[in-house]
Amino acid sequence: MSVVFVAASKLPTPFGEFTMHGFLDEESGKEHVALSMGDIADGAPVLGRLHSECLTGDALFSLRCDCGFQLEGALAAIAEEGRGVLLYLRQEGRGIGLLNKIRAYELQDGGADTVEANLQLGFGADQRDYAMCQPMLAHLGVSSLRLMTNNPRKVKALESYAITVAERVPLQRGLNKHNRRYLATKAGKLGHMLGSLHQGEAETT
């Protein structure tokens, strides 16, 4: 994978000022971003998150998922600590793209769960790839993370690229009546660690 650094700038946010680092995957043409705060290249484990793009949750305030809540929670946690990094990865809809995500939502409106909808469209349950994280983190001087995630697949992916996950930090935000079924599916079918509220819970309509 050929991921190259392009530019960096300051990014003031309601949580504090971050540095925004832009990267280009020359093979896919996708543009990824890292937001950093503080000295993250000192060798100590860094509070961090891998956040896949979710236009509906991150920008359009959708309650169908917990993505926007997790994004805000991660940035707030980094700002509170004064040190950390968030990789914003252009992998909309667990890797199937925005329009296919809307198609999947249409199937979910008809009764399918989030995994069934992907499979009915001919996709895997989760098509995301985290290979781009290794060169992005290497550029930033980060080799060890305290990873904010509920997804064990992210932990395994980073470790496969020789990035140490010193700690998994749970990030549970935004449960509501619109996403309860979705989160139950992530726990029951995708193995997400969401606590007793969802773990092993079967979906009900």
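In case you wondered, yes, glycine gets a Cβ from its N, Cα and C as well.
Values in this document were obtained by computation on a predicted structure and should not be read as measured data.
As recorded in Swiss-Prot:
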BINDING   ARG49, LEU50, HIS51, SER52, GLU53, GLN70, GLU92, GLY93, ARG94, THR114, THR149, LYS154  GTP binding site
BINDING   CYS54, CYS65, CYS67  Zn(2+) binding site
ACT_SITE  ASP126  active site, proton acceptor
ACT_SITE  ARG128  active site, nucleophile
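Checking the recorded positions (CYS65, CYS67, ASP126, ARG128) against GLU53 (GTP binding site) with a 10 Å Cα-Cα cut-off leaves CYS67. Report note: the Zn(2+) site is defined by CYS54, CYS65, CYS67, and the residues of the same chain whose CB lies within 8 Å of the CB centroid of those residues, excluding them, are THR56, GLY57, ASP58, SER62, ARG64, ASP66, GLY68, GLN70. For the recorded positions shown (HIS51, ARG94, ARG128), fewest C-beta neighbours within 10 angstroms: ARG128.
Annotation for THR149 (GTP binding site): spatial neighbours ARG49, LEU50, VAL155, ARG168, VAL169, LEU171, criterion Cβ-Cβ under 8 Å with sequence separation of six or more. In the three-state DSSP assignment, the secondary structure recorded for ARG94 (GTP binding site) is helix. Candidate recorded positions: CYS54, CYS65, CYS67, ASP126, ARG128. Nearest to GLU92 (GTP binding site) by Cα distance: CYS54.
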